[in-house]
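Copied over from TrEMBL:
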DOMAIN    54-92  domain 'Zinc finger Sec23/Sec24-type'
DOMAIN    122-389  domain 'Sec23/Sec24 trunk'
DOMAIN    400-505  domain 'Sec23/Sec24 beta-sandwich'
DOMAIN    519-617  domain 'Sec23/Sec24 helical'
DOMAIN    632-719  domain 'Gelsolin-like'
Amino acid sequence: MAEFMELEGQDGVRMPWNVVPGTKQEASNCVVPVSAIYTPIKTFPNMPVLPYAPLRCRNCRSVLNPFSIVDFAAKIWICPFCFQRNHFPPHYASISDENLPAELFPQYTTIEYQSPGEASSVPPVFMFVVDTNIIEEEMAFLKSALSQAIGLLPDNSLVGLITFGTLVHVHELGFSTIPKTYVFKGSKDVSKDQLLEQMNFFLIKPKPPTGVIAGARDGLSSESIARFLLPASDCEFSLNSILEELQKDPWPIPTDQRASRCTGTALSVAASLLGACVPGSGARILAFVGGPSTEGPGAIVSKNLSEPIRSHKDLDKDSAPNYHKAVKFYEGLTMQLVHQGHVLDLFACALDQVGVAELKVAVERTGGLVVLAESFGHSVFKDSLRRVFRSEDKELGLSSNGIFEINCSKDIKVQGILGPCASLEKKGPLCSDTIVGQGSTSAWKMCGLDQATSLCLVFDIVKKELPDATLQSSSNQFYFQFLTYYQHSTGEMRLRVTSLSRRWVAGPGSIQDLIAGFDQEAAAVVMARLVSFKMEIEAEFDPIRWLDKALIHICSRFGDYQKDSPSSFSLSPRLSIFPQFMFNLRRSQFVQVFNNSPDETAYFRMILNRENVANSVVMIQPSLISYSFQSAPEPALLDVAAIAADRILLLDSYFTIVIFHGSTIAQWRKAGYHNQPEHQAFARLLQAPRDDADAIIKERFPVPRLVICDQHGSQARFLLAKLNPSATYNSEGNHPGGDIIFTDDVSFEVFLDHLQRLAVQ
């Protein structure tokens with residue numbers, strides 16, 4: 001694993017196959033697709049930022065890189081992708097073996113260009129869209145969190161406020177004498193033209209007869225924009241006074257009905273307002289939603305309480321009447337936001353579902369952040385919101401307006417990207433006929449991206465057969481180049497270029513080479529993203545069967561065994577943990593939707609789809625650390641046998657962190673031994689997992705939920721649900737930890753046993 005981590009530390013890329021199967025047939029035999037998980041704007045401490053424009057190939061537009069072949073005498077470079085010969089421009093005249101520009105240094109495979117004078121004129125824009133149809137207590141929590149967030153905004157950023165319940169209220173922050181709002185009916189969608197008309201945008205400067213209305217350049221006076229979007233430093237006082245006086249939605253709610261909430265209309269108004277005022281700039285809509293949408297377009301359930309909110313079963317049976325209508329509405333909104341270059345961030349805090357499953361398309365394709373919590377008072381929400389703006393612990397590095405492009409050798413095509421981006425529909429020779437995720441394009445829009453955003457690129461090897469052996473030795477490299485053009489958090493435009501080369505192999509002796517380059521963590525994450533994607537788009541798809549078939553294929557192709565002899569089966573260390581990852585993926589919340597609402601499933605998948613390999617692996621297979629008097633903290637097997645009366649366990653499953661006290665430890669703690677001076681060692685033992693948990697929480701966005709529980713307590717279920725059930729209620733023998741799991745799931749040992757039997761057939 002270490003060398004794959006090193007490659008990631010240099011380029012931000014992890015690939016399941018670091019030695020690539022060279023032909024179409026070989027690639028399909030490998031089961032896990034040829035793919036890459038790439039973090040476009042990962043921070044590298046010693047990456048050079050060059051203050052000039054990049055040199056591009058005149059044929060395929062790829063950028064000069066360390067893999068280009070350079071003829072110093074003739075001042076020519078040959079592009080490794082299309083073999084075009086390009087002349088160096090005059091300002092490269094002094095280049096030689098000893099005098100190389102930074103982009104040709106072999107160690108700078110990832111480099112950034114900063115074009116001078118291309119900084120964006122518009123500061124960052126934040127449009128707060130706030131749900132007011134929530135109970136008083138939640139309202140108080142939300143107000144305090146928002147006023148804190150407003151205090152943390154950068155001084156030059158523009159701020160707008162929309163509140164919604166039964167109606168949508170757009171607050172005119174620029175009118176400071178008295179609070180003034182424009183009100184729209186929640187039950188019907190408002191077009192952009194109606195919006196501008198009703199909000200008096202054309203009082204001073206008449207509406208232009210033709211053309212698109214877009215910002216101060218095209219048709220709007222900057223005074224009329226400044227009524228709704230003000231610099232944070234100017235409107236902090238008026239914003240806070242509006243927030244203080246915000247009341248719960250005044251419309252009465254009959255006892256047999258849900259509150260009336262027009263989330264869809266409010267978001268649509270916000271998108272149209274930003275599209276008219278600041279198109280193409282880095283603007284974010286921050287939506288704070290406290291319940292299900294019941295009014296207008298995008299409603300997920302009717303107001304009648306007799307109708308339950310859709311469950312996974314309803315979606316499978318197609319008996320969720322509002323689901324497809326709502327998704328269609330949000331797909332339209334997504335296209336509008338992507339076109340404008342704006343981001344939708346969702347903070348959903350309610351005990352009930354609020355419609356994250358429907359909103360998923362808009363948040364994911366615009367690269368927005370998503371946080372799901374039970375209440376606006378919960379630390380998951382409060383700390384996550386604070387971290388969006390304040391970054392003393394770990395900078396999120398929110399950037400905007402990204403365009404991601406890809407170039408690769410002619411034997412490779414791109415099937416698509418699984419991750420937070422939207423296709424720009426740039427068709428070309430690079431596009432494969434098979435589409436996965438956002439496909440049939442070689443360029444994607446990333447309206448919002450941060451330093452952790454990771455894309456999963458899925459490739460297609462199109463080479464049919466092997467050329468002669470002589471040819472193979474001369475050019476057995478595949479080249480890839482990823483270009484990310486984005487607006488840095490400082491406001492300047494940057495171009496990040498990552499160029500990679502990977503050796504390809506084919507033919508009878510290639511299996512050992514493939515195994516040597518196999519990255520099992522990256523492979524598990526690619527499979528997790530793929531299975532989540534298939535579960536969402538394919539009807540009647542059986543994820544467990546699909547994963548099992550894939551695993552059996554891999555084991556029978558890459559394992560060592562004699563035919564029909566399960567006991568002879570063994571896997572190389574490069575593949576040995578992969579079956580365990582698959583076992584845990586089958587049991588994870590991405591595949592098992594039982595006991596999760598559609599909103600929770602959508603939330604888990606959105607985060608899986610944007611995180612890097614290390615974080616995603618923790619989601620698939622949680623880490624477990626054991627603390628005891630006998631030894632220093634040490635990793636424990638994710639198994640029920642890890643539980644012991646005199647141990648503390650720390651489980652990190654990414655979304656939840658569990659500190660689990662064994663029964664003896666819990667008794668001592670309740671007796672207060674840790675407060676007595678002679679039991680300092682016990683106090684330190686109790687404190688160690690807390691400190692480690694805090695360190696994890698500081699690093700992570702969204703902030704995970706912390707659960708502290710005791711053996712045999714009700715909250716112990718958070719730990720037990722993740723452990724391998726090696727001891728269940730119907731297994732014989734004594735159980736060393738004294739704990740058993742009440743389940744009929746198979747244990748990992750049984751799973752492995754069956755796998756070996758099937759792989760050797």
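Glycine is no exception: its Cβ is also placed from the backbone N, Cα and C atoms.
Unlike curated entries, TrEMBL annotations are predicted automatically.
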Against which stretches of its own chain does the domain 'Zinc finger Sec23/Sec24-type' (54-92) lie, if we need a Cβ under 8 Å and a gap of at least six residues from its ends?
101, 103-106, 108-109, 113, 407-410, 477, 479, 481, 483, 495, 497, 499, 501
Stretch with greatest number of CB pairs under 8 Å, the domain 'Sec23/Sec24 trunk' (122-389) reference, 400-505, 519-617, 632-719 candidates
400-505
How does the model score the domain 'Gelsolin-like' (632-719) in terms of mean pLDDT?
95
Give the residue counts of the domain 'Sec23/Sec24 beta-sandwich' (400-505) per reduced DSSP state, in the order helix, strand, coil.
6 helix, 58 strand, 42 coil
When the domain 'Zinc finger Sec23/Sec24-type' (54-92) is classified with DSSP, how many of its residues are helical, how many are strand and how many are coil?
3 helix, 11 strand, 25 coil
